[in-house]
Amino acid sequence: MIPVLEKLSGFYNSYVLAILTVGYILGELGHYLIGVTSKQTAIELDYGDHACQQNTSMFHRQELPTQCSAVMNESSCQALDYNGTSYCEWNYNGLGIDYQILAGPTFILIFTIAGVFMGFAADKYNRVKMLTICTIIFGIAIILQGTVKEYWQLVLLRMVMAAGESGCNPLATGIMSDIFPEDKRALVMAIFNWGIYGGYGIAFPVGRYITKLNFWNLGWRVCYLGAGVLTVIVAALTGTTLKEPERKAIGEGDRTTASGKPISLWQVIKNPAMIMLMIAASIRHCGGMTFAYNADLYYNTYFPDVDLGWWLFGVTIGIGSVGVVVGGIVSDKIVAKMGIRSRAFVLAVSQLIATLPAFGSVYFDPLWAMITLGLSYFFAEMWFGIVFAIVVEIVPLRVRSSTIGVFLFVMNNIGGNLPILVDPVAKVLGYRGSIMIFYAGFYGISSILFFITCFLLDGKTDSSPEPESPKSHPDAVLNARHMHGHDNSVFTVDETLPSNGRPAQLPQHLQMSGNGYDKSQKSPARQNGAESSRL
């Protein structure tokens with residue numbers, strides 16, 4: 001090997017993480033751009049609600065005799081003036097049921113259904129090739145969104161984009177879990193899944209300021225054209241520079257039930273711990289999606305004279321990034337002491353702390369709204385990577401990606417579609433009240449659900465052998481014990497001896513790993529810090 005390339009090979013894992021994360025960021029940028037460009041898009045494509053809006057930044061809200069948002073009809077809106085200057089306009093505001101459907105259900109419906117199939121395929125086929133194709137698909141779809149002339153065209157292309165992007169998480173998660181060791185797993189998953197918030201955060205300055213610059217008289221369309229081109233470039237790098245890693249079990253190999261049969265996807269999904277984790281993640285996801293789809297529109301509605309684009313970008317990218325890293329490190333550090341339960345405990349505490357400042361971010365005026373938003377983001381953004389670290393640690397290798405696909409299907413269908421209720425609730429309680437319920441309120445509810453999940457997961461596992469129960473039902477291993485993490489021992493009840501093919505129960509410290517080393521000793525690979533047979 002060329003000396004330079006040999007030195008760079010040590011950074012391959014980091015490079016893989018960077019490429020996967022950048023691709024995910026661009027996909028989420030395409031996903032969330034609609035929330036920032038919706039007003040301009042609605043005006044041009046003719047969809048959504050009309051409202052009276054402040055049309056000039058010459059005046060501060062406090063100076064105006066009547067707020068534009070308080071006027072409910074066009075004639076009264078146009079009649080408002082201050083010192084002879086009209087300061088309101090009656091136009092599309094980017095909101096309404098058309099927008100909520102465009103932002104949420106049309107994307108989520110395809111994203112979740114396709115995600116399940118991607119998860120199953122990822123367990124059988126080359127994940128790098130599949131990810132390359134998926135990235136090309138959603139990249140081209142983003143480009144084409146910058147060329148649409150009708151609302152229905154935008155809806156259709158968001159569906160195509162969703163189909164392509166649905167492969168990102170299950171495919172990338174499978175790749176990363178095969179190349180990164182256990183002690184870095186939560187941090188790696190957190191960095192990758194932060195791509196959701198990275199794309200969402202970048203959408204604020206891109207959607208606001210690139211649109212205002214109006215390059216080539218294309219307005220908001222340039223945002224989509226640029227993001228799509230960059231995505232296609234990343235797809236090319238994915239296909240030409242990444243290699244398919246060897247599939248490795250995170251624990252001691254593929255898991256079996258007490259009867260010796262492989263654990264099925266259904267047995268994994270129906271476990272109480274997994275069900276509660278999916279419900280908690282779905283509620284938390286709803287809170288995040290509600291704010292993501294409505295943040296720019298909310299602040300523009302209530303503070304039209306204050307430009308918060310860079311503030312929202314800074315809080316999301318800066319403080320959110322720190323929260324992601326801290327959450328992953330904390331989770332990884334204490335899991336060895338407390339077991340997989342510690343990850344759920346970190347989730348419960350972080351979301352509880354984030355709840356009160358989340359309320360503040362939609363209650364206070366701009367300055368304190370941004371301060372409390374930053375505080376909320378620091379703790380709130382710990383959740384995503386930790387959740388998927390739990391998932392990959394409590395499922396067997398053979399159904400890992402398909403479990404992630406099903407998990408995302410449930411989480412996105414509940415969490416991604418519930419925000420559609422923001423519009424009807426807003427018509428009753430007001431836009432601010434509706435956002436408080438579905439954003440901050442759901443943070444608090446998820447905290448309680450994550451705390452309950454703690455009791456369905458075991459703490460640190462010990463090496464004591466399990467009592468033999470040869471006549472137990474095939475599902476007994478899943479239903480009789482809490483779900484372990486850390487070493488995936490929940491999926492190991494018996495070992496098959498290669499000499500006679502008969503199952504025999506062995507103490508944990510006498511069992512042999514896949515590479516033949518005694519599990520009570522560290523393998524040379526572990527001592528050198530390389531990937532172990534448990535990865």
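First residue shown is number 1, and so on along the chain.
The backbone N, Cα and C atoms fix where each Cβ goes, glycine too.
Taken from TrEMBL, the feature compositional bias 'Polar residues' covers 522-535.
Annotation source TrEMBL lists domain 'Major facilitator superfamily (MFS) profile' at 16-462.
Taken from TrEMBL, the feature region 'Disordered' applies to 489-535.
Among the features that TrEMBL reports, transmembrane segment is placed at 12-34 (among others).
Packing against the transmembrane segment (101-122) from elsewhere in the chain are residues 31, 34-35, 38, 47, 130, 134, 151, 154-155, 158-163, 165-167, 169-171, 174, 289, 293, 401-406, 408-409, 412-413, 416-417, 419-420: each is 6 or more residues past its ends and has a CB under 8 Å from a CB in it. For 101-122 (among others), the entry in TrEMBL reads transmembrane segment.
Feature annotation from TrEMBL assigns transmembrane segment to 128-148 (among others). Outside the transmembrane segment (128-148), and at least 6 residues removed from its termini, the chain residues within Cβ reach (under 8 Å) are 20, 23, 26-27, 30, 45, 118, 121-122, 154, 157-158, 160-168, 171-172, 175, 218, 221-225, 227-232, 234-235, 238-239, 242-244.
The transmembrane segment annotation in TrEMBL covers 186-206 (among others). A Cβ distance under 8 Å defines the sequence-distant neighbours of the transmembrane segment (186-206), meaning residues of its chain 6+ beyond its ends; these are 17, 20-33, 35-36, 169, 172-173, 176, 180, 223, 226-227, 288, 292, 295-296, 309-310, 312-313, 315-317, 320-321, 324-325, 327-329, 331-332, 335, 343, 381-382, 384-386, 388-389, 392.
Within the same chain, residues 19-20, 22-23, 26-27, 29-30, 33, 37, 40-41, 44, 128, 131-132, 135-136, 138-147, 206-207, 210-211 sit at least 6 positions outside the transmembrane segment (218-238) and bring their C-beta atoms closer than 8 Å to a C-beta of that stretch. The transmembrane segment annotation in TrEMBL covers 218-238 (among others).
Summarising the annotation, TrEMBL assigns transmembrane segment to 308-330 (among others).
Residues annotated as transmembrane segment in TrEMBL: 342-364 (among others).
Residues annotated as transmembrane segment in TrEMBL: 370-392 (among others).
Residues annotated as transmembrane segment in TrEMBL: 404-422 (among others).
Look at TrEMBL and you will find 434-457 (among others) tagged as transmembrane segment. Sequence-distant contacts of the transmembrane segment (434-457) (same chain, six or more residues past either end, CB-CB distance under 8 Å): 272-273, 276-277, 279-281, 283-284, 286-287, 290-291, 294, 298, 339-341, 344-345, 347-349, 351-352, 354-355, 358-359, 361-363, 376, 380, 383, 390, 394, 418-419, 421-423, 425-426, 482-485.
Sequence-remote contacts of a segment are chain residues at least 6 beyond its ends whose Cβ falls under 8 Å from one of its Cβ atoms, and for the transmembrane segment (12-34) they are 41, 99, 102-103, 107, 131, 135, 138-139, 141-142, 145, 154, 158, 161-162, 164-165, 168-169, 172, 175-176, 179-180, 188, 191-200, 202-203, 206-207, 223-224, 227-228, 230-231, 234-235, 237-238, 241-242, 292-293.
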